[in-house]
Amino acid sequence: MLRRGSQALRRFSTGRVYFKSKLKLALIGQSLFGQEVYSHLCKEGHRVVGVFTVPDKDGKADPLALAAEKDGTPVFKLPKWRVKGKTIKEVAEAYRSVGAELNVLPFCTQFIPMDIIDSPKHGSIIYHPSILPRHRGASAINWTLIMGDKKAGFSVFWADDGLDTGPILLQRSCDVEPNDTVDALYNRFLFPEGIKAMVEAVQLIADGKAPRIPQPEEGATYEGIQKKENAEISWDQSAEVLHNWIRGHDKVPGAWTEINGQMVTFYGSTLLNSSVPPGEPLEIKGAKKPGLVTKNGLVLFGNDGKALMVRNLQFEDGKMIPASQYFSAGETSVVELTAEEVKVAETIKDIWAGILSNVPVIEDSTDFFKSGASSMDVARLVEEIRQKCGGLQLQNEDVYMATKFEDFIQKVVRKLRGEDQEVELVVDYISKEVNEMMVKMPYQCFINGQFTDADDGKTYDTINPTDGSTIGKVSYASLADVDKAVAAAKDAFENGEWGRMNARERGRLMYRLADLLEENQEELATIEALDSGAVYTLALKTHIGMSVQTFRYFAGWCDKIQGSTIPINQARPNRNLTFTKKEPLGVCAIIIPWNYPLMMLAWKSAACLAAGNTLVLKPAQVTPLTALKFAELSVKAGFPKGVINIIPGSGGIAGQRLSEHPDIRKLGFTGSTPIGKQIMKSCAVSNLKKVSLELGGKSPLIIFNDCELDKAVRMGMGAVFFNKGENCIAAGRLFVEESIHDEFVTRVVEEIKKMKIGDPLDRSTDHGPQNHKAHLEKLLQYCETGVKEGATLVYGGRQVQRPGFFMEPTVFTDVEDYMYLAKEESFGPIMVISKFQNGDVDGVLQRANNTEFGLASGVFTRDINKAMYVSEKLEAGTVFINTYNKTDVAAPFGGVKQSGFGKDLGEEALNEYLKTKTVTLEY
């Protein structure tokens with residue numbers, strides 16, 4: 001009955017010095033959560049003197065037992081603690097032998113006698129996944145969702161002789177999102193924060209600071225474990241209540257209803273916020289309105305007229321199918337296996353036998369789960385098949401969809417043959433009649449060749465900066481979506497058609513994509529105007545036009561990426577050949593800004609794809625729409641699934657996960673310097689992934705008195721006001737020679753007054769709205785700071801009094817070197833002018849270089865010697881002479897100092913996405 005795991009006497013300290021009080025602990029419980037609590041407590045210096053857990057199951061030890069045994073901690077595997085209400089004597093003796101001062105119960109399914117609970121000096125503390133006194137009892141997370149609670153959380157409480165009634169030590173809570181599942185809540189909050197809280201609670205006890213707050217009886221509820229017969233859906237309720245019932249019962253025991261005389265269980269519920277898609281009606285017993293089987297799932301209706309959707313259905317025999325396939329579920333015929341496929345089937349049978357060690361013989365009718373497999377075994381099955389079957393990549397869901405061995409083999413064979421692939425891309429659009437055309441904008445995540453809702457169903461509004469109206473709701477990618485996208489990109493690179501494709505064919509696809517971008521340029525430019533506020537005519541020429549050029553340029557590079565042969569010293573009589581190969585890196589992440597949404601995508605992704613990589617791209621949260629339209633066009637161009645993945649969402653969630661993800665080998669980022677530093681740190685700490693950064697700028701433009709003044713005025717204005725000033729290389733500070741300073745300023749103001757500010761879709765508009773409201777507010781604050789510091793506001797500095805996020809083009813003079821305006825980038829239509837003394841070339845150079853940024857710079861002068869001297873001395877990645885904003889797809893672009901490193905465009909950009917391999921052979 002009593003079994004103690006192996007242990008070894010520890011003779012050495014860990015080397016860590018602890019200053020806080022520490023305790024001797026007994027950990028009672030099981031699971032991965034218990035293992036993590038154990039590990040963290042040990043790291044904090046507490047001494048776990050004994051682990052009391054459950055016996056091995058099918059020869060497998062519990063994760064908590066494994067971790068403790070590895071450390072040499074005494075482990076006791078107990079089938080039970082008491083018989084006929086009394087504590088088993090040898091169990092009690094074994095427990096008391098370890099001399100614990102506190103019992104810690106992170107997750108425990110066994111009943112622990114009160115004499116054990118009260119035995120230690122400090123008693124016992126328990127983790128419970130609800131905000132007590134609400135949802136006492138088992139299945140607390142499920143009941144949190146079933147009851148529609150807006151808050152979830154956990155409690156760490158002092159054990160007493162009641163059922164989850166002991167005094168509270170600490171509690172933590174979080175919001176429940178509309179489409180949260182049990183797994184989502186657990187993984188996002190209850191698991192990671194629960195571990196931290198258990199460690200914190202133990203330390204509070206050790207320090208004598210742990211409270212004992214009596215639980216109130218007001219608001220107390222108790223719910224037991226739900227049984228299958230009690231989980232039937234009652235249909236005369238609102239869509240939200242139905243959704244809560246289904247998601248609260250997800251996985252176990254499963255909410256069910258009767259369809260065509262058969263019990264059918266629903267999984268994967270989300271509230272449907274968009275319009276109901278077309279589908280085929282499905283009569284459901286008790287429901288007042290038939291469900292709809294659509295391409296995305298089964299739509300169900302509440303008594304309030306609102307709808308929800310479920311993704312998967314399970315029948316009485318255990319078979320699970322996508323809800324979208326309800327009417328075609330029985331149409332799949334049995335496929336005959338080739339000799340090669342028979343070998344694969346035999347390999348998979350061996351894998352099943354290894355997992356289901358309790359099953360004597362694996363037969364066609366053997367059911368994976370009914371034979372004792374768990375969710376952990378699903379992950380093992382998928383990974384073993386990948387390793388032993390030539391990289392065949394299955395999803396966990398494939399196992400749940402085909403639980404019997406015969407069905408599973410049929411699914412595997414269809415996947416091997418490519419028969420399970422979607423033959424047609426399904427796209428849901430935000431559609432708008434605008435700019436004399438119907439604009440159709442995808443709004444979902446694009447992962448593995450398909451548009452799909454975010455895993456948790458979350459969306460956000462994308463805003464039209466021209467009037468502040470909502471264009472539509474866009475999927476808000478979760479961590480799970482990032483992981484799916486990376487997995488898809490990794491599979492496409494390692495196992496897919498893309499990784500085997502020759503370079504010339506890769507170039508052909510990129511040329512085709514460039515053609516499609518050009519064919520759809522009016523729609524793409526219109527989307528840029530709607531989503532980013534770009535003036536349509538500029539978007540047509542620059543945002544879209546340069547994107548087309550970029551893809552064509554790099555398409556031409558695909559079959560011209562070459563290594564070299566290198567003569568080396570040879571040890572006679574042997575002869576050697578040494579050569580280098582340029583190879584793709586693998587999965588690359590790309591994070592782009594909001595000022596040129598499509599063009600920044602093109603600058604980075606074209607080089608990335610030309611080099612043979614796959615990519616996961618996160619567009620800026622405020623401008624996702626052209627990136628998603630690009631994804632649609634990439635499918636039409638013929639790019640294999642998984643090569644291009646687009647995940648709209650926040651930088652803090654999706655972007656951070658990309659920078660930390662261990663399967664990503666390169667990250668390209670354009671954005672602010674502070675975020676760039678954080679990304680670089682995350683990339684280094686995670687897996688030392690390669691990084692290229694194009695960051696902030698404060699580009700100086702020096703205008704000498706011997707310049708062509710008309711041209712300097714015109715191009716100086718373009719250097720500042722181009723694209724509403726939302727331009728990474730914008731001239732952040734103009735240095736104008738004293739003798740022409742006043743005339744230059746006068747002419748600039750005269751020209752500004754001629755500029756038309758208005759609707760970016762109006763062909764006569766010169767200046768559109770700023771990209772988003774928060775940016776406009778930042779620019780207005782920037783101007784206020786300039787005035788307070790003593791700079792002269794010559795023109796503008798205010799918001800235009802009309803709907804939307806419009807700002808007047810602005811001019812400041814008398815800007816001294818110490819001022820905020822002289823040091824910080826505005827990223828808006830603000831011209832910052834400083835005067836310099838006639839003839840003081842070196843002096844103005846010193847002032848121009850007195851910045852931590854070094855993205856671009858410029859000089860206007862008729863003196864070629866002066867121009868070349870200044871260009872040599874300016875500390876910037878690009879120098880413009882008698883021009884500005886003149887970038888080209890063949891010319892490398894990037895900064896120095898805190899403006900980043902690495903290049904976009906030109907041949908050098910390819911090197912950012914390639915690695916060099918040296919090969920030496922002897923003959």
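Glycine residues also receive a Cβ, built from the backbone N, Cα and C atoms like all the rest.
Feature annotation from TrEMBL assigns active site, proton donor to His128 (among others). All protein chains considered, the CB of His128 (active site, proton donor) has 22 other CB atoms within 10 Å.
As annotated by TrEMBL, site 'Essential for catalytic activity' applies to Asp164. Remark: Asp164 (site 'Essential for catalytic activity') has Ile126, His128, Leu132, Pro133, Arg136, Gly137, Phe157 as non-local neighbours, by Cβ distance under 8 Å and separation of at least 6 in sequence.
Annotation comment: TrEMBL describes 339-416 as domain 'Carrier'. Here the domain 'Carrier' (339-416) is broken down by DSSP into helix, strand and coil counts: 49 helix, 2 strand, 27 coil.
Every protein chain considered, the tally of other Cβ atoms within 10 Å of the Cβ of Ile592 (NADP(+) binding site) stands at 26. The NADP(+) binding site annotation in TrEMBL covers 592-594, 618-621, 651-656, 671-672, Lys778, 825-827.
According to TrEMBL, the active site annotation covers Glu694. The number of other Cβ atoms within 10 Å of the Cβ belonging to Glu694 (active site), over all protein chains shown, comes to 28.
Under the heading active site, proton acceptor, TrEMBL lists Glu694.
Taken from TrEMBL, the feature active site, proton donor covers Cys728 (among others). Remark: Cys728 (active site, proton donor) has Pro593, Asn595, Thr670, Glu694, Gly696, Gly697, Leu855 as non-local neighbours, by Cβ distance under 8 Å and separation of at least 6 in sequence.
Cβ environment of Gln621 (NADP(+) binding site): Tyr460, Trp594, Pro648, Gly649, Ser650, Gly651 lie under 8 Å away, each six or more residues apart in the same chain. If you count neighbouring Cβ atoms within 10 Å for each of the binding-site residues Lys618, Lys778, the highest count belongs to Lys618.
Residues belonging to the domain 'Carrier' (339-416) score a mean pLDDT of 84 in the model. For Phe827 (NADP(+) binding site), the Cβ neighbour count at a 10 Å cut-off comes to 24, with all displayed protein chains included. Non-local neighbourhood of Ile653 (NADP(+) binding site): Ala477, Ser478, Leu479, Val482, each in the same chain, at least six residues away, with C-beta under 8 Å from its C-beta. All protein chains included, Gln656 (NADP(+) binding site) registers 18 other Cβ atoms within 10 Å of its own Cβ.
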